[in-house]
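Report on the structure given below.
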Amino acid sequence: MAAPLRIQSDWAQALRKDEGEAWLSCHPPGKPSLYGSLTCQGIGLDGIPEVTASEGFTVNEINKKSIHISCPKENASSKFLAPYTTFSRIHTKSITCLDISSRGGLGVSSSTDGTMKIWQASNGELRRVLEGHVFDVNCCRFFPSGLVVLSGGMDAQLKIWSAEDASCVVTFKGHKGGILDTAIVDRGRNVVSASRDGTARLWDCGRSACLGVLADCGSSINGVAVGAADNSINLGSPEQMPSEREVGTEAKMLLLAREDKKLQCLGLQSRQLVFLFIGSDAFNCCTFLSGFLLLAGTQDGNIYQLDVRSPRAPVQVIHRSGAPVLSLLSVRDGFIASQGDGSCFIVQQDLDYVTELTGADCDPVYKVATWEKQIYTCCRDGLVRRYQLSDL
């Protein structure tokens, strides 16, 4: 992958005034970094600044919310996107997780201020406060219906909430350590949780009961993903007949991102190991790109792309900085990744440039969610940022 380009986090404000400047840099692996600047030469009648770049950099295109820059010497090209809107009043401290409902109307987020809130996705207006976890909430997500929320906390509890009246309808107990991530199986009759206690569990929402321990790996499970398996993949057979309360687990894979540098893939119904991959550092997050391709991100900044059919060697390893990879999300023909140094970027196969979501100034971007052409991020600086993409 080409050398990463970086830009001043508030470039859009800085270049809005005459002679305003913003710094730029290019970081080719194993070579000295290149540094430069952008300068505003004036504002056009359409409100778009006229911007020139210092030697070694080229401005390909600019509008109010985006600027496309190249560094020809390193064959690097990035389109930087400024937030369309920023929501600063949802939380008062670092926001650890967020999700957007399937119809795009609502957002849910959790914060180190001790709260979990539901808000209007269009303007950040507060709708509901979800109270009931003891200690911090680590993860929250909407069910496919968009009317119900699943959350996991440091109190080792998993809870299901009504987004309409903020009532907690189900509490799952059984984990012995904080819950770090969750996944929803199919339409949501079953859910999966991953915990610091080293186990992943399958739950029956209707009866609020544990259907079984899917894996017990003796190491904290930081991230989990469920995906439909390509029919060429052997998922193994269950040792005992699955419960009739298990719904939608067949032909599904379960991916576990583990603290002990291991990425584990299982048949969700069979509980049988499909592969175990050892990475360079603790795995923080993982996602499926297709029925056989997956991504997983590590604490030392590596993004591994693996093929389940031949998982011994990665298809590719993307490394843009040594900052921890904190979230990965599949999008059309590619993926979005966020890291602990504030970078958040989109790689799409059909584009010869990387799209960078700017605004966070070296603060970790913990989670990314999308709805149609909109991307939402949450950050340690306590802000939710919404970006508008022309094509996603």
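Yeah, the Cβs are placed from backbone N, Cα and C, and that goes for glycine too.
Among the features that Swiss-Prot reports, N-acetylalanine is placed at Ala2, with the record citing a large-scale study or a structure entry. DSSP assigns Ala2 (N-acetylalanine) to coil in the three-state reduction, placing it in neither a helix nor a strand.
Taken together, the residues of the repeat 'WD 1' (82-121) have an average pLDDT of 97. Per Swiss-Prot, repeat 'WD 1' is recorded for 82-121.
Annotation source Swiss-Prot lists repeat 'WD 2' at 125-163.
According to Swiss-Prot, the repeat 'WD 4' annotation covers 209-259. According to DSSP, the repeat 'WD 4' (209-259) comprises 0 helix, 23 strand, 28 coil.
The annotation repeat 'WD 5' is assigned in Swiss-Prot to 270-308.
If you look up Swiss-Prot, you'll see 353-389 marked as repeat 'WD 7'.
For the repeat 'WD 7' (353-389), same-chain residues at least 6 beyond its ends with a Cβ under 8 Å from one of its own Cβ atoms are 2, 4-5, 7, 9-12, 65, 68, 70, 77-88, 90-101, 104, 107, 109, 111, 121, 124, 323-324, 326-327, 329, 331, 336, 338-347. Cβ neighbours within 10 Å of Ala2 (N-acetylalanine), excluding its own Cβ and spanning all shown chains: 18.
Broken down with DSSP, the repeat 'WD 7' (353-389) shows 0 helix, 22 strand, 15 coil.
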